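Peer 1: Here's a structure for you.
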Amino acid sequence: MSHDNLPVKDPDLGHSVPDPGLEPHVERYTDVDKGAGNRAYAAILMMLAAVPVLAIAFVVIYFAVPRDAYIDFGLLKANAQNVGFGLTGGLAAVLIGVAVIQWARVLMSDEESVELRHAASSTDDDRAAVMGLWDDGVEQSSVRRRKLLLGALGGAVGISLVPAVVLLADMGPHPTARLREETLERTIWAEGILLLNDENWLPIRPEMLEVGQLVNAQPANLRDLHGVEAHQAKAKAAIIVVRMDPNSIKVPESRKDWHVSGILAYSKICTHVGCPISLWERQTHHLLCPCHQSTFDLGNSGVVVFGPAARALPQLPITVNADGYLVAQSDFTVPVGPSYFERDSSQDFKDGDQ
Amino acid sequence: MMANPTRIASTSPVLEGQPAPSANREMPGAVKWADDRIGLAKIGRAGLRKVFPDHWSFLLGEIALYSFIVLLLTGVFLTIWFKPSMAEIEYDGSYQLLKGMPVSEAFASTLNISFDVRGGLLVRQIHHWAALLFVAAATVHMLRVFFTGAFRKPREVNWLIGVGLLSLSLIAGFAGYSLPDDLLSGTGLRFVDGLIRSIPIIGTWAEFFVFGGEYPGDILIPRLYMVHILLVPGILLGLISAHLALVVYHKHTQYPGPGRTENNVVGYPLFPVYAAKAGGFFFIVFGFLVLMGGLFQINPVWIYGPYDPAKVTAGSQPDWYMGWVEGAIRIIPALETHILGTTWTWSVFLPGVGLMGVLFTGLGLWPFIEQWITGDKREHHLLDRPRNAPTRTALGVAGMTSYAMFWLAGGNDIIATRFALDLNAITVFMRVAVFVAPVIAFIITKRLMLSLQRADRERALHGSEDGVIVRSPDGGYSEGHLPLSHEEQFLLTQHLQHRVLEPGAETDASGVRRKKGGVSKLRARLSRWYLGHDIAKPSAAELAAAAHQGSHSAHAVEDGHGAAGVDGAGINGIEGPRHGADAGHGPERAGLHH
Ligand code: HEM
Ligand code: FES
């Protein structure tokens, strides 16, 4: 074989000690001791012989063990079939693997071989030849003489990508200003919509809430929606309703009519990436998002006190209706959930605003 | 009798994948039939006895490959029953606790696979364990390649393919995690929604396009299903094939040692030894995953419950490979800017999209950056011992440390509750740790590698300590040294040491005149930082002197050059074979090339 296309010309470069060459091959115990060799052989056969037994056991488990049988290990309860399949199938595969590797390790000859490498590059010959062929092809194509051909072809193919990309324009509705107004910028909350406790779907009376208590709530009109619309509506409309001691919270001038004697409603959707927020600390009035721990101060208009969220939680203005139930005064005054590019959220409520 | 091994390289008759046939054999009929049509024998002649080197660290990539095969097999099984639909139905399967609940078809069919299809739970759990193992094995495999310098010329392209594979496997895993439409996977999707929305300028449009409108919509799971079972596995399959084809073309790298050179590969032939070991290993990985699937519960979606946009569980965690992104998202301080009536949400975009971009771009560029800093254009088939590339090793450990810090930050709530610590304090600590810890790790690792180099140098010069402490007449203690075997001395000194690039050098490392400009100041400074602290390995002359001295007194004298840098004594950034010249070595090198 050609030895002039080796990866490096000077494999000994920099050696301070000459390469001693491969170490001598040492025979294994199973090579020299006939008994040991035969024992290894027998062990491999035994492993392979166990596989059919396990395979049959697997099939028996499939048909004989009821689907809902459980193995009870005290704390751990596991589906009997699943454990049976795992043990029989897993062991069978492991045994095949171990047997074959053992065969390779102790019964196949373990003398190492040496193979020469080639440089990754082609030979100079090949390089020259391919450039020649290329030039012949270019010559034959006549692009040298008719120079516009290539540019025209490139332009034509390039432009035809446009229709291909345009084909994707129907992947989703286009969030133009009008659509944003109907989607991102509004929820199904509106004047007079009842707040329903989302455990029992009953309306909430102020006197049902003690100071420090928090309930999750949904708008009553959510129940008119189904399927995807319900999900989309719920993903924005979910709120939390808390009652705090009115003397222990800061209510800015602009929001003084938004609460009902210390009962305030906030969006449950985190302004960071939109997780529903759930962890309430009644002493500090802090609400912690379980996803990335943004912390909002519900005693101070929902401003961020810690964490990656950049916007205060939107507050829902509420009041009581004629029957004495909590209802919304309107929709949220700012969009809920994470900010988005097209809207400047810098005017949203910030700590210290009135 | 001991069999004599094949001697090395050019002087010996070597196997070149095309050994002389041992006997004149006729082909069996069926093979002949195939060969008549597709020329099997040519392929067989080149490949059947191809040599593969053996080392445990070469199994890491194999584990990734075998987990991928297991993913394909189990994934196809799951598709038989899984319904990628977000349409709402009433659950009516055999899991009593959710009977009558409105759930999506995707969720219901996942429960169906888990409770009503015999073996379905097993296959689901194998699929999930295999996904975790796939990403883990690929990651550790990449670290092996990094720390041993296996990405160097000519393997840069394969490194790039590997980076592509790793990033795609994250996407595959994430898409799969979202399919069952349970509470955890929905929380993950909500996060993706926020992440997409945070992309400057196109965010809202991208969100509406991906989700087909407002979150959550009803089309995402069918789309993710297409991504998960067709698009990504298809690309993965193509890239994996290219990855393996390049391994075959380049031949596997090998660790340095006696008889291993840049020009050969020492190991076992594909047929039968390597094939048996690799095939057997597939069954072991497969069997291990089946055992995991049978014995260890994973992703019990019926406990999490169906997705509800108003619910989330505290302590919800992504699969392990997304943990570092999660951590970054958790510890970044709030950051939004407003320009001309628009909002730029950095505190989601930077840690999410940005950080992943930085990691994968950095990984992809690394081979080229290192080549630029060292000026090394030579082909490398012998692996580096990590200590012999101390700056690279230290950078790698620093990167791992940073990753680990982000990853830990992704569990800040769990750390806080487990160890009763203040959550905000942990977060603030982590904000600092992700920057400081890698620097500390870098410094420690580099020191450690340099002292290993120093120890190697000492050992090569003076041999190993003989364990006999001798007290001299004047009261001092010393220990004698035994000479090293030729093999060990070779192993400790065989590596190339690159010379620091000098600014403005007119000639490149091998003395060939540069076409354009010389080495820039910046490049020279980087090169000094990267290479300048290496402990010079002993030269032949030093070894000879030490041996001479050693034969006079068994007790070696402290070697004065231990801490010297390699400047001037090192090997230059040697050119590849085509430029052959190897002029310009330091004076000590003269006469080294016999
Ligand atoms: C390429 C690497 C792949 C990764 C990393 C991966 C990962 C995952 C993960 C994490 C899940 C969630 C499993 C669970 O319910 O616990 C999943 C589900 C699923 N995967 Fe894959 N997968 C891969 C390839 C495939 C392939 C090739 C197919 C099919 C040809 C497939 C089909 C499915 C199906 C149908 C499900 C949903 C079934 C269920 O959740 O029960 N996957 N995948
Ligand atoms: S979603 Fe609430 S902190 Fe990230």
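For all residues, glycine too, the Cβ spot is worked out from N, Cα and C.
So TrEMBL lists the following for this protein:
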{"type": "REGION", "residues": "A:1-26", "note": "region 'Disordered'"}
{"type": "COMPBIAS", "residues": "A:1-13", "note": "compositional bias 'Basic and acidic residues'"}
{"type": "TRANSMEM", "residues": "A:40-65", "note": "transmembrane segment"}
{"type": "TRANSMEM", "residues": "A:85-108", "note": "transmembrane segment"}
{"type": "TRANSMEM", "residues": "A:148-169", "note": "transmembrane segment"}
{"type": "DOMAIN", "residues": "A:263-327", "note": "domain 'Rieske'"}
Peer 1: Averaged over the whole of the domain 'Rieske' (A:263-327), what is the pLDDT?
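Peer 2: In the predicted model, the domain 'Rieske' (A:263-327) has a mean pLDDT of 94.
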Peer 1: Do any residues of this chain, six or more beyond the ends of the region 'Disordered' (A:1-26), have a C-beta under 8 angstroms from a C-beta of it, and if so which?
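Peer 2: That would be 110-112, 114, 116-120, 123.
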Peer 1: On the DSSP side of things, how many residues of the domain 'Rieske' (A:263-327) fall into helix, strand and coil, could you say?
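Peer 2: Final tally across the stretch: 3 helix, 27 strand, 35 coil.
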Peer 1: Residue counts in helix (H, G, I), strand (E, B) and coil for the region 'Disordered' (A:1-26), per DSSP?
Peer 2: 0 helix, 0 strand, 26 coil
